[in-house]
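Trainee: Summarising the annotation, Swiss-Prot assigns compositional bias 'Low complexity' to 1-28, 936-953, 963-986. What Swiss-Prot records for 29-43, 920-929 is compositional bias 'Polar residues'. As annotated by Swiss-Prot, domain 'SEC7' applies to 580-770, with the evidence given as sequence analysis. Marked as domain 'PH' by Swiss-Prot on the basis of sequence analysis: 784-895. Here Swiss-Prot flags 1-43, 911-986 as region 'Disordered'. Annotation source Swiss-Prot lists repeat 'ANK 1' at 34-63. Per Swiss-Prot, the feature repeat 'ANK 2' maps to 68-97. Annotation source Swiss-Prot lists repeat 'ANK 3' at 101-131. Look at Swiss-Prot and you will find 135-164 tagged as repeat 'ANK 4'. Feature annotation from Swiss-Prot assigns repeat 'ANK 5' to 168-197. The repeat 'ANK 7' feature in Swiss-Prot is assigned to 234-263. Residues or ranges marked as repeat 'ANK 9' in Swiss-Prot: 300-329. Summarising the annotation, Swiss-Prot assigns repeat 'ANK 10' to 334-363. Taken from Swiss-Prot, the feature repeat 'ANK 11' covers 367-396. According to Swiss-Prot, the feature repeat 'ANK 13' maps to 433-462. Among the features that Swiss-Prot reports, repeat 'ANK 14' is placed at 466-495. Look at Swiss-Prot and you will find 499-528 tagged as repeat 'ANK 15'.
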Amino acid sequence: MGSTSNSTKNTGSTTTTTTTAAPATTAKHSNSAPTRPSVHYYSSTGDIEKLSNLLNNSATSPDTPDSEKRTPLHHAAFCGSAACVNFLLDKKANANIKDSAGNTPLQWASSRGHLECIKLLVEKGGVDVNTKDDKNGTPLHKASLFASAECVLYLLNGKADPRAVTTNGETPLHHASAGGNPQCVELLIKADSKVNAVDNDCITPLHQASFSGHSSCVSLLLKKGAKVDPRDIHGISPLHNAASAGYVDCVEQLVRNGENINCVDIEGVTPLHHTCFNGNLQLTKRLIELGAKINMVDEMGETPLHKAAFNGHKEVCEYLLYLDPTMIDCRDSRQSTSLHLAAFNGLLDMVDLLIRYKAQINIKDEEGATPLHKASFNGHSSCAKLLVDKGAPICIVDSQGATPLHKAAFNGRSKCLATLIRSGAELEVKDSQGGTPLHNAAYNGHSDCCRILLKKGANVNAVDTHSSTPLHLASAAGARDTVDVLIQFKARIDAKNFAGKTPLVYAIKKNHSDVARVLIRAGADLDQVSLRSSVDFTKTFGTENHDEIYQIVNKRESSNHEVDELQLALEQQAKEDMEQLAAEKQKLLLIKAAIAQFNSHPKKGIEFIVANGVISEKNPKEVAHFLLTHSELSKQSIGEYIGEGDDFNLQVLHAFVDELNFFGLDFDVALRKYLLTFRLPGEAQKIDRMMEKFASQFYQHNPENKVFVNQDAVYVLAFSVIMLNTDAHNPNIKKKMTKAEFLRNNSGINSGDDLPPDFMENLYDKIVTNEIKMERDGNQANQHVEKKGWLTKQGGRIKTWKKRWFILTANCLLYYKTPQDHEPCGIIPLENVVVTIDPQKKFCFMLHSSQEQMKACKLNSDGTLVQANHAAYFIAAANMAEMDSWVQSIKSNIHSNPNFEQLLKRKAETIRGRGKVSTKPIQNRKQTISGPPPSTTTTTTSTASNNVTSVGSPPNSGSVLNSSGSKPVTFSSTSSPVQQQTSALS
């Protein structure tokens, strides 16, 4: 969704060619001793006297490298000390030596505009003006972005190539246009730099200047023959860039020079869509004055009004409706109106405005959901109350028979649930699967919602179409608190569904020992558990409470005379084996069970650990020690647990970090050590608590540090480094954060001052070149992975080859964009599949079925799972051995499963249960080159697995950025939770 996010690049590779990390000056404070060889320090400070004394009176070489392979000449060139540069050249310093990024001293001097140093290096040092760094960036690239016109002119006169391209295909003119220096632009064009040059993404210098808001450069480029309407690979024009970034002058110039005000990118997005999404009323008005059409729709059917309403831009919506009131009920491709979007996001003022403009309050989208369903699903009680007060029927149903109360109960929105009940919602209304709101709340373990419903009179023993009660669902889900509530309100302990199973059967089958105990103590009939479940009991209860198990076995032996001898022998052997277990082995088994319980439900796991004596008492220090000393524990579960805000969890977090030793560690080393102990949770507040404690511990352990004024600076920088790490090493992020952006993002964090530049630049280099490896446990669905690796897959409708991360697990082949992703792009069940090696394509095999289409599904661009349009899949490996290995593994997993349709439906319902909103995202352009900061904003995107900082990138329209990561999560208010409940009992 949303092609508009990638019009210009955030310098993934360009940055490393155009800017270089400043060499550390070593002495961060006047009283501190240099941490690097003093020859580098004296070179960087321009202290020619001490530098000459050192080199003349010692065996120190003028080419002595530091840890980044930078010599004194690099440092002197960067800091602009012509005297030191001249002296070092006299001492025969190598002027062509390169640092770890491939930069010569000339690149350093050029990036800072030190003309005298440039002249010395070229004329005295003999450096080639076209020398290239590791990304093919030349000194002219560096000077064009940051330096003065005099430096550019000197390099050009020295035969610097004005058409040189980086590995991203960018010329010096691209950089000068992004930097906004019209004199540099004119010099480069005069030197025959192509004014319409395109980089690897078809981005031109005009794209760069427009996005950065450099109207003088835009004017000059157009005057020199730049095409006014070039398109990048996403169909994005300079006008899109200027509009999304909010530059009126650039917009006006482009339109005056002939650009179509209603130009569209490959997804039908116009400049007006951008300004409305961003809430820029001034530019919205100007675009309309220039002829922009307010009723144009993108490929998702969304109008500018949809964009403005989704983000709550009230003034923009009022202006659009003033011009055309008939837009109020325009529907997008999913039949959603602006009121659906505003209600979904809980934008009370926007909902009120749209209702005042006569929006249809009961209008339904393609899933039969009304705005009230949307508001209820996300728990926006104020919006729900307003909609009801304005006439929305409280018991209106969607296409699956669900009312707004079903939605609130399913998603655990207790406040909204209470609001709907007070407004007259019916408690016993059933959806198409016979489920009541209480079924929904019980299925997802929302005990607070269950309590509210039961106190208001909901039938605790209501049955759905499968005759399952809420207690069946809660027991199968392992929701102990909910089970307690249901029993408290007199739920039938031994109710049987149509399968003849009681809640206890499901608790045992799912290994929910705590729930099983609650049911047994409440009087559950043990005879309802089949004899085969003795093994399940042992697995469920571990090795404790043997008497309970023996009672079950003995009772069954006396009452069931048809038990065969083998079963009796097995039970007797199991009993004898348990009696012979040594105490240590029992403890090991307990620990294993405790770990499994914790990995499934962290809080219940801790209760299990305490209740069964794994630790002596519920003491924060003991719990923290347990979490740190058992490697089998899920790092994700540890992160979720210690990140919770409850008092005890906070105490555990503090005890957990207190066990970690950061004494004498560099900042990045300490952070790496910390992040190896758990997996960062997705919720921002949890991360905040964890980083705050890390900052405190690191600062206390390093009282002699000369970098940080207080622990607040450590805290902010820790966040920033995590974002940088994700940005630098996530293959999905093509526009990487530059060093200049990293420094700019962290300016003033040290009690109002900047952290030392050499420290920050060195830190940037460490993170970019050496990824912080964060522990992860993998997707829950992929815990038993048979095979995984990179393969190349051919698309369905569009026959392109794309690299994907494949996982073979549970008779399914799943593929992801990256190994870090939580949700697969597609699922290929290996049911009745044939594997054939394709002799026409190298190392390629084909998956196909005797049916017309394979029973596979893929993740749509809006986050929903849909039927894939594949008669066959073509997949290529890197070599013959790898292909043979995959083919053999896949063949061994092919099976026949008549229930696949139900499985696919279950997965689709689950995805929709997370929700889907019908609007298409717009993301602002990302600046290609880091230069003097244009008036952009920095948006932080957090992901379950990743945190990303991008320049000028707003949240997606139509999606909600998840707190973990890098990918937007969309929501639907019209899932079928009871269908999910049914499959949960299978």
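Placement of Cβ uses the backbone N, Cα and C atoms for every residue, glycine included.
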Trainee: For the repeat 'ANK 2' (68-97), what are the same-chain contacts with Cβ under 8 Å, counting residues 6+ beyond its ends?
Mentor: 20-23, 25, 39-40, 42-48, 51-52, 55, 62, 103-106, 108-109, 111-112, 114, 116-117, 120-121, 124-128, 131, 762, 765
Trainee: What does the DSSP secondary structure composition of the repeat 'ANK 7' (234-263) look like, as residue counts for helix, strand and coil?
Mentor: 17 helix, 0 strand, 13 coil
Trainee: What is the three-state DSSP composition of the repeat 'ANK 9' (300-329), stated as helix, strand and coil residue counts?
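Mentor: Tallied per class, the repeat 'ANK 9' (300-329) gives 22 helix, 0 strand, 8 coil.
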Trainee: Would you kindly list the residues that approach the repeat 'ANK 3' (101-131) from elsewhere in its chain, counting only those six or more residues past its ends and only Cβ-Cβ distances under 8 Å?
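Mentor: Those are 16, 18-21, 23, 68, 71, 73-74, 76-82, 85-86, 89, 95, 137-140, 142-143, 145-148, 150-151, 154-155, 158-161, 164, 765, in sequence order.
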